[in-house]
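Asks: Take this structure first; my questions come after.
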Amino acid sequence: MKTEQPYLLTPGPITTTQSVKQAMLQDWGSWDADFRAMTARLCQRLVELIDGEGSHVCVPMQGSGTFAVEATLATLVPKEGKLLILMNGAYGQRMGKIMDYLGRDYVALDKGDYAPPRADEVEAMLAADPAITHVALVHCETSSGILNPVEEIAEVVARQGRRLIIDSMSAFGAVAISAKEVAFDALISSANKCFEGVPGFGFVLIRQSALEASKGNAHSLSMDLLDQWQYLAKTGQWRYTPPTHVVAAFLQALKEHAEEGGIAGRHARYQRNQQRLVAGMRQLGFETLLSDEWLSPIIITFFSPGHDSFDFQTFYDRMKARGFIIYPGKLTEAESFRLGCIGQLYDEQIDAVLEAVAAVLEEMGIPDGAPAHVLEAAASA
Ligand SMILES: Cc1ncc(COP(=O)(O)O)c(C=O)c1O
């Protein structure tokens, strides 16, 4: 469904439907039976979406996605535990920062800006360090857009008898994952990414036995997912003030997600957006950071044009004037920017984005999107 506002080509918050926005036009009592039923429906549906009935429970957490990540690490990694963080971008690095704050032990397999962690290297680290109790992986590392190989990592983590925590913030809802096939203790996500809700809470799908065994781990009352879950199980209520309007919007978003064909349907649309966007941008001379094998249907990093007249802020402002909010890059070395494929975007919007990029390049006096390394190679040939 179209909206009249600028389209967000970002990894979230994203462009939502009018009906999701309209679902917020009612006030709810957080203790009321109607709202308790809404929370129960939300949790039940999310557990179903990972085939987690009987093994996993859903614990919602107020705040942005990072709150849910911090709560999960604090609740599941014991004070005497040790975490292996598979880093290849900003969100893996952020988990390291969280562990620093928590004062708990961790090591990192740091692959730099965008190389994927592979099973053999993870297995070698686990075999060499029996103190590691948990492994954390970012499903889609949104800073580059890479879709990390979660299945092969989960397999070695299970083989080595350790516990896996997946930050699937930007992937869950559009990338299928089954708790029956992939062994994980926690999968973390939030309302405002592939489910196309509005921002205000995250949620964690946690193995019930791991959650029950976590007593005493959390360093903080408000971040204790065990306490949150126990209170929810006992009363049907969130422990502290829930974002009621966001929950109402999320239920509408879940309905629309199901109508689109659930995870498979949403994946198909995002994948189509990605392929159309990448093909069109390549025609304009742009290059993707990643080879096709690693591109996610979530967000794509493009190298910035190497032409002297290119300036990201000008490009951004001119794209915005044409109705598209784009996203800066997050690489430490190369100049880049990102275009998201998620949210209320369809062929019509993707084609309009491509037209806008072409028009803005022309306005800026830039012949095409060729990045610096392509221009340098051409000059020295
Ligand atoms: C993979 C991943 N993890 C964590 C986060 C943090 O979420 P938030 O910005 O909502 O705190 C994001 C946000 O984009 C993300 O993409």
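Just so you know, the numbers here start at 1 and follow the chain as drawn.
The backbone N, Cα and C atoms fix where each Cβ goes, glycine too.
TrEMBL entries are annotated by machine, without manual review.
These came from TrEMBL, pasted as-is:
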DOMAIN    103-319  domain 'Aminotransferase class V'
MOD_RES   K193  N6-(pyridoxal phosphate)lysine
BINDING   R338  substrate binding site
Asks: Can you tell which of K193, R338 has the most other C-beta atoms within 10 Å, given these are the recorded positions?
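Replies: Of the recorded positions K193, R338, the highest Cβ count within 10 Å belongs to K193.
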Asks: Whole-number Å distance between the CA of the residue listed as 'substrate binding site' and the CA of K193 (N6-(pyridoxal phosphate)lysine)?
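Replies: Roughly 15 Å, rounded to the nearest whole number.
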Asks: Give, as a single whole number between 0 and 100, the mean pLDDT over the domain 'Aminotransferase class V' (103-319).
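Replies: Result for the domain 'Aminotransferase class V' (103-319): average pLDDT 97.
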Asks: Which secondary structure state does DSSP assign to the residue listed as 'substrate binding site', in the simple three-class scheme?
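Replies: DSSP call for the residue listed as 'substrate binding site': strand.
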